[in-house]
């Protein structure tokens, strides 16, 4: 459960991300594909090369979905319901992949926002991404 401090930390950190949301999302995807090659199997139709327009476009989708989640931090299930349906019923993404992408997002944010990425902010973002992952996998059960 996200505390009020966690929510404040997440919102403040996401404000710092700002207009870089698509870039950071794409970078996190690239990190995931390089670090966890099995995740590539969900994107057989993508050009997964560095700087690929398809990875950039999907990175923006990821970033925009997280921006929506931050904006609806008190109702993540409502905000992410359609995305949960898509990933569970149509795409059938293995739930572990959300954890892998979350880790890569944390690494990406830490590399771009080092002075803002305090232990408290790190913990809050980790809890937030875990909450998002839980919602996205809730319809698998």
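Positions of Cβ are set from backbone N, Cα and C atoms, glycine also.
Annotated in Swiss-Prot:
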type	residues	note
DOMAIN	1-141	domain 'Globin'
MOD_RES	3	phosphoserine
MOD_RES	7	N6-succinyllysine
MOD_RES	11	N6-succinyllysine
MOD_RES	16	N6-succinyllysine
MOD_RES	16	N6-acetyllysine
MOD_RES	24	phosphotyrosine
MOD_RES	35	phosphoserine
MOD_RES	40	N6-succinyllysine
BINDING	58	O2 binding site
BINDING	87	heme b binding site
MOD_RES	102	phosphoserine
MOD_RES	108	phosphothreonine
MOD_RES	124	phosphoserine
MOD_RES	131	phosphoserine
MOD_RES	134	phosphothreonine
MOD_RES	137	phosphothreonine
MOD_RES	138	phosphoserine
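Distance between Cα atoms for residue 16 (N6-succinyllysine) and residue 24 (phosphotyrosine): 12 Å, as a whole number.
Using a 10 Å Cβ-Cβ cutoff, residue 108 (phosphothreonine) registers 23 neighbours.
For the recorded positions 3, 7, 87, 108, 124, 131, a Cα-Cα cutoff of 10 angstroms around residue 24 (phosphotyrosine) retains 108. For the domain 'Globin' (1-141), the model's average pLDDT works out to 94.
The secondary structure of residue 35 (phosphoserine), as reduced to three states from DSSP, is helical.
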